[in-house]
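Undergrad: Pasting a structure below so you can have a look.
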Amino acid sequence: MDLELGRGMRSPQRDSWKTTMVLAYQSLGVVYGDLSISPLYVFKSTFAEDIQHSDTNEEIFGVLSFVFWTLTLIPLIKYVSIVLRADDNGEGGTFALYSLICRHANVSLLPNRQIADEELSTYKLERNPETVDKTRVKVWLEKHKNLHTALLIMVLIGTCMVIGDGVLTPAISVFSAVSGLEFSLSKDHHEYAVIPITCVILAFLFALQHFGTHRVGFIFAPIVLAWLLCMSALGLYNIIHWNPHVYQALNPYYMFKFLKKTRKYGWMSLGGILLCMTGSEAMFADLGHFSYSAIQLAFTSLVYPALILAYMGQAAYLSKHHDFYSNSQVGFYIAVPDKVRWPVLVLAILASVVGSQAIISGTFSIINQSQSLSCFPRVKVVHTSEKIHGQIYIPEINWLLMILCVAVTVGFRDTKHMGNASGLAVITVMLVTTFLTSLVIMVCWHKPPLLALGFLLFFGSVEALYFSASLIKFLEGAWLPILLALILMAVMLVWHITTIKKYEFDLQNKVTLEWLLALGDKLGMVRVPGIGLVYTDLTSGVPANFSRFVTNLPAFHKVLVFVCVKSVPVPYVFPAERYLVGRVGPPGHRSYRCIVRYGYRDVHQDVDSFETELIESLAMFIKLNASYRCSEVSQSEQLEEWEPGLTVIGSNTLRDHASYDLQDSVQHSAASVPAADSPGGTGLESNSSKQVRFFIDSLVVSPEADKQVAEELEALAAAREAGTAFILGHSHVQCKPGSSVVKKLTVVGYNFLRRNCRGPDVVLRVPPASLLEVGMVYVL
């Protein structure tokens, strides 16, 4: 299965037709589960109250025409033909668009950016920025800081609505599938059966999340394929048997005829029609798991025709049947023959579970991405598969989603209110995608502004029409996604703003390198055995929490490493490019800096592999640093000075001289720098008996440097044997006297979130026995 690690970082070469066919088949279960079950509730939501199904059939034909052209314009033309091409190294979604814009224009709000980040392999630009003239739009965006904030807020609005959709889609999908029991049970039994059965299925669905979808993922594609074929067969049967001329309703004239007759109520019913595009955003969001050609093939050859046949079949049946005791019967199951109703019901429930699983997994993924941008409180992210990259599970979010899903089901109890709520969330995300894509067309693709404006006006006007129809249903369910979005936005903004202010405080209060070097001369200062990893958000200088630590406890480790774990605006960072390692002070001080870079879709490593790779990177840096000092090659060609006294080796140097093998035993066959305790190399062995060897090719080292390298590597090995301590800051935020009420509320909210969410030790996977927290008060 091509969801394995590296899928999002694969080479851009074209897949073979066999690979494309396999990926297209697999995408059915992951990408199209949500979109394929929309026929269950579109007609039912549309005819809930606003319009009536009359004998003239003008309403049903008008709705069919709207559904056909909506599916054609938005999923087929907008997403498949245009938006899917706006990928970020094969990745899609709201954050992919934002990442693209941030790389091509200086609009990012991430505080610890470095020039070295632009050397990453995944940090590719459409064109060399030096050879491209800046457009007025790009200059305007970069000039005004308020626009940077507005752009981030727009991305966060889309993110909040995706999370809201993660609450609403499972509820409406499973409820609509189970509601087919109304044709097999009496009215009294039906009212008391549907809600409990839906809640049980939802609880079971969320209870299975910690196992990971890879354990049952192999059955997802066959279920959705069977469901699509079932809908197609039912649609063809109803068309042939009831109304073969229903295809005439595809004429856009029926839309105008529909609106002319129904007027205001027809416009309000568009809130139900837009549900036919539910799940379209998944095509873009899950692009990294498959390929553009595979998603395009699956949609155009199977999903799109199956959906059109399903809607046409329902319309054909309804055009010959008008004797319903209520509009609630105008739905999917009324058009299913009695003989196959039970098998179709079971298949529909299975398909709704698959569709719900896709949006739940997508919610986990987008929260992880938000966390990487410091826009969401820290949560525990569990990688559920060793083979499939990106499959994650977030326990607290999972149970919160389950509670909200069950509450929505019990509270609304009908498709109408659920549909109104879900529709507003779906169309808001699409509007955000349309706006960001128009910016990508101008800023990243360097197309004429008129082309981007045409894209924005055409698709934006269609989506704005549906958005207005959804917003008018505020009191009938649409208030829920707005309420959820407001709460999530408040949480995200409080966390992000305070995190940025804390970084600025650290930047202003960092201590100088001279202060650190002078510590060794102070009376009573002790260097204890072991490695001290001091975590900080700073990419230069000595953090204030370390100065506070040594001021109160005059001792620090013999090997000191300032570790900065940062996010960069790319989806993935290759393991060979993850670490930037440098020296803080002279070699004899044994102090280093390590900057660990992750993309917004990367999942942090476990502490064992991280510690092993970090020590390996330090040893490699020591050897390469010695070889460069002795070589005739100019240092400016190989090394870059990022701050006084700190030399960082670029990722190209690491790729040229070494390769990483993320295993417990790593060995590169070549000549090594001999150490005092080993004639064949320098071994570093941890307390858990994990051995890592370092060998570097073709190092030119003088005898004097050879001795220095051996001593430094021996000191590193001895420190590793003594153990590693993880030094983290334990922060508390306070307001300055005279601060505004908004600022005080922001600080109170941040402290509440910090106390009730996961700590940095859980996110960084620090073992409790090796954790050392330093209290730090931030006065903002």
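Along the chain as shown, the residues are counted starting at 1.
Here the Cβ of each residue, glycine as well, is placed from N, Cα and C on the backbone.
Dumping what TrEMBL says about this protein:
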TRANSMEM  21-40  transmembrane segment
DOMAIN    23-517  domain 'K+ potassium transporter integral membrane'
TRANSMEM  60-77  transmembrane segment
TRANSMEM  150-172  transmembrane segment
TRANSMEM  192-211  transmembrane segment
TRANSMEM  218-240  transmembrane segment
TRANSMEM  265-285  transmembrane segment
TRANSMEM  297-317  transmembrane segment
TRANSMEM  342-367  transmembrane segment
TRANSMEM  388-412  transmembrane segment
TRANSMEM  424-443  transmembrane segment
TRANSMEM  450-472  transmembrane segment
TRANSMEM  478-498  transmembrane segment
DOMAIN    529-779  domain 'K+ potassium transporter C-terminal'
Undergrad: Thinking of Cβ pairs under 8 Å, which stretch from 21-40, 192-211, 218-240 has the most of them with the transmembrane segment (342-367)?
TA: 21-40
Undergrad: Residue list, the transmembrane segment (150-172) vs rest of chain: Cβ under 8 Å, 6 or more residues beyond ends.
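TA: Same-chain contacts beyond the flanks: 34, 41, 94-95, 98, 101, 107, 109, 141, 198, 202, 205, 278-279, 281, 285, 355-356, 359-360, 362-363, 366-367, 369-370, 375, 401, 404-405, 408-409, 412, 415, 418-419, 421-422, 425-426, 428-429, 432-433, 435-436, 480-481, 484-485, 488-489, 492-493, 496.
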Undergrad: Find the member of 60-77, 297-317, 450-472 that has more C-beta pairs under 8 Å to the transmembrane segment (21-40) than any other listed stretch.
TA: 297-317
Undergrad: Looking only at the recorded stretches 265-285, 297-317, 388-412, 424-443, which one has the largest tally of CB-CB distances under 8 Å to the transmembrane segment (192-211)?
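TA: Comparing 265-285, 297-317, 388-412, 424-443: 388-412 has the most Cβ pairs near the transmembrane segment (192-211).
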Undergrad: Could you pull the average pLDDT for the domain 'K+ potassium transporter C-terminal' (529-779)?
TA: 70
Undergrad: Looking only at the recorded stretches 60-77, 265-285, 388-412, 424-443, 478-498, which one has the largest tally of CB-CB distances under 8 Å to the transmembrane segment (450-472)?
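TA: The stretch I would name here is 424-443.
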Undergrad: How about long-range neighbours of the transmembrane segment (424-443): same chain, 6 or more residues beyond its ends, C-beta under 8 Å?
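TA: Non-local partners: 74, 78, 82-83, 86, 94, 97-98, 100-101, 104-105, 135, 137-138, 141, 154-155, 157-158, 161-162, 164-165, 168, 271, 274-275, 277-278, 280-281, 284, 449, 451-453, 455-456, 459-460, 463-464, 466-467, 470-471, 473, 478, 481-482, 485.
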Undergrad: Go through the chain and flag residues at least 6 beyond the ends of the transmembrane segment (265-285) whose CB is under 8 A from any CB in it; none is fine as an answer.
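TA: Contacts of the transmembrane segment (265-285) (Cβ under 8 Å, skipping residues fewer than 6 from its ends): 31-36, 38-39, 41-48, 50-51, 59, 62-63, 66-67, 70-71, 74-75, 79-80, 83-84, 92-94, 162, 169, 258-259, 295, 299, 307, 311, 355, 358-359, 362, 365-366, 416, 419-420, 422-424, 426-427, 429-430, 433, 465-466, 468-470, 472-473, 478.
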Undergrad: If we call contact 3 or more Cβ pairs under 8 Å (sequence gap 6 or more), are the transmembrane segment (218-240) and the transmembrane segment (60-77) touching?
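TA: Between the transmembrane segment (218-240) and the transmembrane segment (60-77), contact is absent.
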